[in-house]
Amino acid sequence: MLSLIIAACCVTVALAGTFSNPTCAPGRNTIVHLFEWKWTDIAKECERFLGPNGFCGVQISPPNENRLVNNRPWWERYQPVSYKLQTRSGSEDQLRDMISRCNRVNVRIYSDTVINHMTGVGGSGTGTAGSHWNGDTLSYPGVPFSAWDFNTGNECHSSDMNIHDYNNAEEIRNCRLVSLADLKLSKNYVREEITQYMNHLIDLGVAGFRIDAAKHMWPGDLRAMFGTLHDLNSAVFGSGRKPFIFQEVIDMGGEPISASEYTGIGRVTNFIFGVKLGQVFRNENKASNLHNWGEAWGMPNSNDVVVFIDNHDNQRGHGGGGGPLTHFEPRPYKLATAFMLAHPYGFTRLMSSYNFDRSNTDQGPPHNGDNINDVTINADLTCGNGWTCEHRWREIYNMVAFRNIVMGQNLQHWWDNGNYQIAFGRGNKGFIAMNMDNHNLDQTLQTGLPAGTYCDVISGSYDGSSCSGTEIQVGNDGNAHFSISNSSDDPMIAIHVGAKKGQPKVTT
């Protein structure tokens, strides 16, 4: 009996942290959510932009068959019908081609994965691969799942089978999230169908998974399923590599379910991160208070989290809430994103949105009939045809390279004016200064950088020989003078050794 207990403990220890490594190619550290993009457009973006600019990877929208909903809202992608790989984003062949092309340029693919539930209960119809479904009888022959494969009144004790009491952990995990048919993940058959789907994606070459609604699943069920996942495709990643798993756990405090229950499995999404930074960069909390940003603010360990300013849900006022900054407020949004990318806390994810009417938060991606529009690229590298593409804003993609260059370097040389002007360095690799105050910043600061002329990667870029924006001269003593107008569209300056005149341009 004792040997069995010891063996079980060893399995738990072996699993802990196994799925927390983002599996980026060397020198890359940031992923971007290309929300509702087609697979063909993602493949092109990997080759023409993400690879050359040092991005680690792409979070893609759920690739499995989903319910067809009138007017095609974005959230139909989060109502599975089967695990067939056919959606508005494209076919399985197009998905396979995209994954292969992105991996060839060192850009990894992370699949948004919906395994807590199927469609909403009630009604019937077909999915994006033509599979029939019936939410009245809980019949999903495309998997197949039947009524036996869902939680019932034996597991869920709310009056209508829906979640109402967020102070009741059992109800949160055993009942229906907004009337979505809740899978019985304690059942081996259900687990096997889910892991077969995830393993198929691994075999196609994905690097990992975002687990949607992880908070609504028991950690033990997730451990059991993830323990049977394949290693990553050895032709791409080498042998013995595990997929990266990051779990959507909305933990704003005050509820019985905490993110810490899931950090032993993989990473968790840190929603408080974006909410708190939003308060600072809207000038609701002094920027000087960021001097101890991270765990000292009551947030989880840096190695346990994926951090972000906004995501596809909370930019629409859905899950997570808290009024995060979004692309609708570009000035503070760029500042907050630059701070996130310059600071060592967490593994960073960017949001890449499409334009939508804020009075219609259900609005789906730019489309022509049932077809998602192509992503078109303007002369200034921004996107057209209804796509916002925050990841293509210069102030953001240049900071992706900044993060790559300074990775592993300690935060040092912190300076602030006690209010809304701050600056800090990352070892001897990079330095950033920001001014959110109501007056100009005019300071000589210690950067920690080697002497030379650096290109500010906020106001411009470095092409390997010259700067298109501001130049900053660092003296032999490491000091440099910074002048930042409080009325600037981008009141910040960032420099790093990969954008130093007289040396090659480096992004990873």
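Each Cβ is built from the backbone N, Cα and C atoms, and glycine gets one as well.
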Second cysteine of the disulfide that Swiss-Prot assigns to Cys467, among Cys389, Cys455: Cys455
From candidates Asn106, Asn116, Asn270, Asn283, Swiss-Prot puts in the same Ca(2+) site as Arg173, Asp182, His216 the residue Asn116
According to Swiss-Prot, which candidate in Asn174, Asn311, Asn314, Asn385 joins Arg210, Arg349 at the chloride site: Asn311
Return the member of Cys156, Arg210, Asp313, Arg349 nearest to Cys455 (disulfide bond) in space, with distance defined Cα to Cα and candidates limited to these recorded positions. Arg349
For Cys175 (disulfide bond), which of the listed recorded positions (Cys102, Arg210, His216, Arg349, Cys389) have their CA atom within 10 A of its CA? His216
Distant-in-sequence Cβ neighbours of Asn116 (Ca(2+) binding site), under 8 Å, six or more positions away: Leu177, Leu180, Asp182, Leu183, Leu185, Asp212, Ala213, Ala214, His216, Met217
Taking the centroid of the Cβ atoms of Arg210, Asn311, Arg349 (chloride site), which other same-chain residues have Cβ within 8 Å of it? Ile31, His33, Gln59, Asp112, Phe246, Glu248, Thr269, Val306, Phe308, His312, Met351
